[in-house]
Amino acid sequence: FEGIVLVAINPYEQLPIYEQDVIYAYSGQNAGDMDPHIFAVAEEAYKQMARDEKNQSIIVSGESGAGKTVSAKYAMRFFATVGGSASDTNIEAKVLASSPIMEAIGNAKTTRNDNSSRFGKYIQIGFDKRYHIIGANMRTYLLEKSRVVFQAEDERNYHIFYQLCASATLPEFKDLGL
């Protein structure tokens, strides 16, 4: 393992530390020159990709509710902004457009999080020779398979099960053949 480790903590409220001006403040800076931030990690990966012309990885890890998806979203926003493609492709929105569907199918209620993800996500972002984002691919994989058949007291299974049950009496549900 080589590189920077950043521990992110979910403050459970919006803070003005992820705005456009903060992205520009971290862009072009060296690691350690500024305060620890997801944008510092993203800048280091972006700089090394451009300098060494090698693939880079950012691993976002943490407990349920720690803000992993939000941190990944901020990193993508950084890449789209510094790569000059934020307004062209809105890659962040496109990559995360599948989130509501994936959350309905793959999220569940736990005692610590009402919308706990049961999926891990692997997001690959493609860049052209000018280091502009040209596309992305998101792969998901099922975590905690035991939750498919068991959940602890005060928890519930995948949201999609409850959504399907709640909509079973709707007329359009009959056409689905479920």
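Numbers here mean position along the shown chain, with the first residue as 1.
For all residues, glycine too, the Cβ spot is worked out from N, Cα and C.
Features as listed in TrEMBL:
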BINDING   Gly62, Glu63, Ser64, Gly65, Ala66, Gly67, Lys68, Thr69  ATP binding site
DOMAIN    1-178  domain 'Myosin motor'
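Positions of the features from TrEMBL, shown on the structure.
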{"residue": "Gly62", "record": "ATP binding site", "CB count, 10 Å": "13"}
{"residue": "Glu63", "record": "ATP binding site", "CB count, 10 Å": "11"}
{"residue": "Ser64", "record": "ATP binding site", "CB count, 10 Å": "14"}
{"residue": "Gly65", "record": "ATP binding site", "CB count, 10 Å": "15"}
{"residue": "Ala66", "record": "ATP binding site", "CB count, 10 Å": "16"}
{"residue": "Gly67", "record": "ATP binding site", "CB count, 10 Å": "18"}
{"residue": "Lys68", "record": "ATP binding site", "CB count, 10 Å": "19"}
{"residue": "Thr69", "record": "ATP binding site", "CB count, 10 Å": "14"}
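Computed over the domain 'Myosin motor' (1-178), the whole-number mean pLDDT of the model equals 82. Close to the recorded ATP site, the chain also has Asn10: residues not among Gly62, Glu63, Ser64, Gly65, Ala66, Gly67, Lys68, Thr69 whose Cβ is within 8 Å of the site's Cβ mean position.
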